[in-house]
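**Q** First the structure, then my questions, so here it is.
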C-alpha cells in the first residue's frame with residue numbers, strides 16, 4: 001500500500017493512502033490500538049450515519065470503544081463542543097493511556113487533534129480522514145478550534161500517530177464537498193509545481209471528473225509537498241507559512257460568513273484568486289489568471305465575490321490572521337508559480353486588490 005512518511009521535528013509517522021487503506025492496515029492497526037486502555041472515536045453525525053459500520057468492523061475485537069458524535073460542519077469547532085467532548089471523556093473515565101481516533105473531515109480532524117493535545121496534557125491520536133479536503137488538514141499536526149473573531153485561533157501543533165486515508169469514502173461525498181477539497185490540491189500545485197498544476201487542469205475539466213478520474217496520485221503528491229515543508233518547519237516559523245496561500249483572505253471571508261456561508265475550499269479559492277491578483281501587481285506574476293478562472297468555473301467554482309461583503313469587515317478579519325504581527329498583514333504571494341514569498345501588504349494595496357476581484361467593485365462600507 002502506498003505510504004508517505006512525515007518527518008516532523010517532534011514525531012515521524014506514516015500516511016497510508018489507497019482505496020482499501022482501512023482493510024489493508026487493519027491487523028497492524030488493531031494490534032497497536034489494543035495496547036491502549038480505551039479507544040475514543042470522535043466523529044460527526046453525517047460520517048457516523050454513512051461510515052460508522054465500516055469503522056466498527058475494524059474495531060470489533062477491541063474491548064472498550066466509545067463514540068462521540070459532534071455536530072456537522074464548522075459548528076463542531078467551538079468552545080461549547082470542545083468542552084462537551086472533554087466532559088464526555090472525563091465522565092467515561094479515559095486516562096492517559098487512552099487513544100483518540102478522529103474519524104471524519106477536516107473539522108473533525110482539527111477538533112479531535114486539539115482535544116487529544118489538551119486532554120490530560122496530551123494523549124495519542126490517529127487521523128482517519130473521510131474527505132478530499134482532509135488530505136491537507138490531517139497531515140502536519142495543526143489542530144485547532146475557532147473563535148467568533150477568527151478561524152483556528154485557539155490551537156496547537158500536535159502530530160498524530162498515523163494517518164489512515166481510505167479513499168473509498170469519497171464515493172459518498174457531494175460534489176460541493178469534493179470541489180472544496182480539490183481547492184487545497186490546487187493550492188499545493190500553485191505553491192510548488194507548474195507541471196502539477198497543468199496536470200490537474202488537463203485531467204479535471206468538469207465536475208463529474210471528481211468522481212470518474214483517479215484523485216489518489218494527486219492527493220499523494222499534495223501530501224508529499226506538505227510533508228516536505230513540515231519536515232523543514234513544523235511550527236510555521238518560516239516556509240510552512242507558504243501553505244497558507246489563499247488563506248489570509250479566505251479565512252477572513254469564512255469568519256465574515258460565520259463559518260457557514262462558504263465551505264473552506266470555496267473561501268480559499270476566492271483567497272487564491274485574490275493572492276494571484278496581488279502577485280500580478282507586486283511581482284508581475286507571469287500567469288494566465290483569466291484561463292485559470294475559466295477552468296475553475298468549468299469545475300463549478302464561483303470566481304467573483306458577492307459584492308455585499310464589506311471591505312471593513314474583511315480588513316478587520318485579516319488583521320486577526322495568525323500571520324499578522326505588529327498590526328501588519330502578511331500575504332503569501334507568488335513571484336512565479338512554485339515560488340511563494342511572504343509580503344507585508346498595506347491597507348491601500350489590500351483595498352485596491354479587493355476592488356479588482358469583487359463583483360461590481362465591492363462594498364466599501
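For all residues, glycine too, the Cβ spot is worked out from N, Cα and C.
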**Q** 106, 107, 108, 109, 110, 130, 131, 151, 169, 170, 171, 172 bind NAD(+) according to Swiss-Prot; which of 97, 142 goes with them?
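**A** Looking at 97, 142, the one Swiss-Prot places in the NAD(+) site next to 106, 107, 108, 109, 110, 130, 131, 151, 169, 170, 171, 172 is 142.
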**Q** Rounded to a whole number, how many Å is the Cα of residue 131 (NAD(+) binding site) away from the Cα of residue 184 (Zn(2+) binding site)?
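**A** On Cα coordinates alone, these residues lie 12 Å apart.
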**Q** Please report the distance from the Cα of residue 170 (NAD(+) binding site) to the Cα of residue 264 (Zn(2+) binding site), rounded to the nearest angstrom.
**A** 17
**Q** According to DSSP, does residue 151 (NAD(+) binding site) sit in a helix, a strand, or coil?
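**A** It is in a strand.
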**Q** Can you tell me which of the binding-site residues 184, 247, 264 is spatially closest to residue 110 (NAD(+) binding site)? Compare CA atoms only.
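**A** Of all the candidates listed, 264 is nearest in space.
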**Q** Go through 106, 110, 151, 170, 264, the listed binding-site residues, and name the one with the sparsest Cβ surroundings, counting other Cβ atoms within 10 Å.
**A** 170
**Q** Tally every other Cβ atom lying within 10 Å of the Cβ atom of residue 108 (NAD(+) binding site).
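**A** There are 30 of them.
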**Q** Within 10 Å of the Cβ of residue 247 (Zn(2+) binding site), how many other Cβ atoms can be counted across all chains shown?
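**A** I count 26 other Cβ atoms within 10 Å of it.
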